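Database features, via TrEMBL:
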type     : residues : note
DOMAIN   : 605-862  : domain 'G-protein coupled receptors family 3 profile'
SIGNAL   : 1-33     : signal peptide
TRANSMEM : 605-628  : transmembrane segment
TRANSMEM : 640-661  : transmembrane segment
TRANSMEM : 676-697  : transmembrane segment
TRANSMEM : 718-738  : transmembrane segment
TRANSMEM : 764-788  : transmembrane segment
TRANSMEM : 800-820  : transmembrane segment
TRANSMEM : 832-855  : transmembrane segment
Amino acid sequence: CWGPAAPQVPGSSCAMPALALLGLAALLGLGAGAPLCLSQQLRQPGDYVLGGLFLLGCAEEAGIGGSSRPNSTGHTRVSSLGLLWALVAKMAVEEINNGTSLLPGLSLGHELWDACVELAGGVRSSLAFLAGAGGACHASCNYSQHQPWVLAVVGPHSSELALVTGKAFGLFLVPQVDPLPCPGPGPGARPGPPQEPLTLQVSYGASADQLSRREAFPSAFRTVPSDRAQAAAMVELLQALGWSWVAAVGSDDEYGRQGLHLFSSLAASRGICVAHKGLLPGPGAGGRAGALQALLGQLRHSGAEVVVVFASPGAVSALLRCSLHCGLPPKVWVASEAWLASDLVTTLPGMAQVGTVLGFLQRGPPLPALASYIQSRLALAADPAVCAALGAEPRGLEEREVGPRCPRCDHVTLENLRAAGLRHPQTLAAYAAVQAVAQALHRALGCSASGCTARAPLQPWQLLQAMRNASFEARGLALRFDTGGNVGVEFRLKLWVWRGQRPALRTVGTYDGRLRLLRSRLRWHTPGNREPESRCSRQCQPGQIRRLKGPGFCCYDCVDCTAGSYQRHPDDTLCTPCPQDQWSPDRSPRCLPRTPRFLAWGEPAVLVLLLLLGLALGLVLAALGLFIQHRDSPLVRAAGGPRACFGLGCLGLVCLSVLLFPGQPRPARCLAQQPLLHLPLTGCLSTLFLQAAEALVGAGQPATWAGWLQRGLRGPRAWLAVLLALLVEAGLCAWGLAAFPPEVVTDWQALPTEALLSCRRRSWAGFGLVHAANAALASLCFLGTFLVQGQPGRYNRARGLTFAALAYFATWVSFVPVFANVHVAYQPAVEMGATLLCALGILATVHLPQCHLLLHQPELNTPMYFLGEEPGDAGGGETTRPHPGAQT
């Protein structure tokens, strides 16, 4: 806004016709500061009249908060931007009248009024537009035939005023449900037209989202996007730049409160925290300076480097002036469309120090003829003849009621209007609002190139039907009203770039439902053009989750995910456990597949056991070969002869059974492990049992049935005992496998990074079954030989058999607690070791001493020493006295 004392600078030329008009204007005294009659050009008669609500005057900031009675607040300054938009609407009307495509043979008039800063002035103008013939609006139950003064209203620019006038246009003249209903139509009466609002409102600047509610504002349209679209674009921008901790302020009016609410709700749904929300006090509010300082202090302490401002230009101007005075550090200001390009803000001194300012502006083609048109209007306004002709016309309703419609407009210059911004984005919106009404009127009247078919007075509700969901064009830009009366318009992201005293608006992105950001064109206020950061907490590293602090979700501590869990998304507040077939280390953003683990052949423990197996198998084979070589010797015959070789062969099979434990477990391997271990062990122990029985009989115990035992334990009957033991063990193994079958299991929890494959025992009862026969044979060996006394001059077989039984029990009894407590991965190795130790124990206590005698004391290998046969006995040999050093 500017006052009458503003400098009068002559306008510069833009085209040849403009130069001629400026020359004429100079001759007529335009450049000398003479008063104009521009205000008288704001009305024009026509067949159909459009109303216009434009902010032509600016009141001082005293406000009317202290008023106790209705009054008319005077305007001390002129709003150059509001006057510019009014002239744009006038230009659109004249283009339509001068053309023949829209309303051939008809003229469109206009009444462009001052909407005033106060709501009272805007409501007064709205009621005047609703008045019919004679300037009165009478109470009625049916306004379907009421003909208001204007067919449609272009404006207002303010959301707060548009909500009030929209109610008046949409609800004031709509029939209401009253306690005393109006009488209905008589019998035979024809049904009237639909009960619709009588006046349309097409705003070129009101962006409040509430105007989209058709039930509350059925006749409201606008040629600018709603605040919801702008708030969504802001949220997309914050997300694209990684700003999750922002402050938001709005002006204390309908526009600011609504925009602040929309932005806050959309930001919360997209994971953006609003560190502080505040309202900027309006003009005339008590303690305004203190409130602004308190708000700036809260912004300072919030820690937010980005401030979203949904406010009117006047409120933002006061905020930024105070921020410069209070020394607020530079920040990023995300501006709403209302103030981003406002000269009330951009011309403030020191604005280059506030930081980075960027925001979204409506995209639209420019109006290149606007400058020439304004020059022509100003030239006509300086012509005394034109002014005299306009002054001779009858005064309109506004002049009769409140005096001249805009006396301050008669002191405007081209430079004042040029400074307001001939390329302001809402300049096209004002032009499009007139075009939308004219094109709807074209459809409602059935116009064509030859003329319009309908000439009767058109009711506003008829025009409303032509406006709904209608498409129209404005300077080649295709627009369409949706069901809420909104148009879908693309935004351009603009950045303030300082060049001289005022910033230039650089395009750094676009938004049409999707943000396209041109990062290379961005310029920041930070050192080195570093992109600002605005977060409550630092970005967590991969593999860390957020432990929230406080009620919000933007302040948090970063906590490492432990092994076995991972960070699935960057915003996770809980670590996600890995699937059982995967693992993860500490602080991991992903899980890794587990590798199978089993007792492999190359492991050190297996290699040691294989060496032990080689030793045991080598000793068994050596003993077996030695026994076969001396198969007719008294020692071998005393050990059982073929049965001793059979026992050694079984002992070798026991050693070989350990080869079933290393390697990847298979079902067949798991089933074969226990039978192939315990059946050979049974064969070996059964031969030892027969030797124990012979030793017991040889000692004469028990005397009652020693003879029967001696006959039964020799010859084929001995083999029957071995076969019987094997059959019993085979039955027990089959029972154990049927009742408690081992299975291949995968243990996902035993090892941190691997999947352990093993043959699992279902029950210790199965273990006891397969060991039952062997334990019984070992017990009989021990009981049968423990009490046998060695005879002088004879080989003491009972002692070796006793120690063999003890070796068996020592091995397998100690195996149980070791196996139960060792890690599952090493249980097969424990069983391998127990098997080899058992075999080596039997070999060391029974067979190796006999091999020693065969190799190193052959003189003791006599029937008397081993068989107790005298010369002339069945052995057929002489009695040989024992060697003095013979073992007893």
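Glycine is treated like the rest: Cβ placed from N, Cα and C.
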The transmembrane segment (605-628): which same-chain residues, six or more beyond its ends, come within Cβ distance under 8 Å?
599, 636, 639, 644-645, 648-649, 651-652, 655-656, 658-659, 662, 826, 829, 832-833, 836, 839-840, 843, 847-848, 850-851, 854-855
Could you check whether the transmembrane segment (718-738) and the transmembrane segment (800-820) come into contact, where contact means at least 3 Cβ pairs under 8 Å with the two residues of each pair 6 or more apart in sequence?
no
If contact means at least 3 Cβ pairs within less than 8 Å, sequence distance 6 or more, would you call the transmembrane segment (800-820) and the transmembrane segment (640-661) in contact?
no
Count the Cβ pairs between the transmembrane segment (764-788) and the transmembrane segment (676-697) that lie under 8 angstroms and are 6 or more residues apart in sequence, then report whether there are at least 3.
yes
Summarise the model confidence on the domain 'G-protein coupled receptors family 3 profile' (605-862) as a single mean pLDDT, whole number.
87
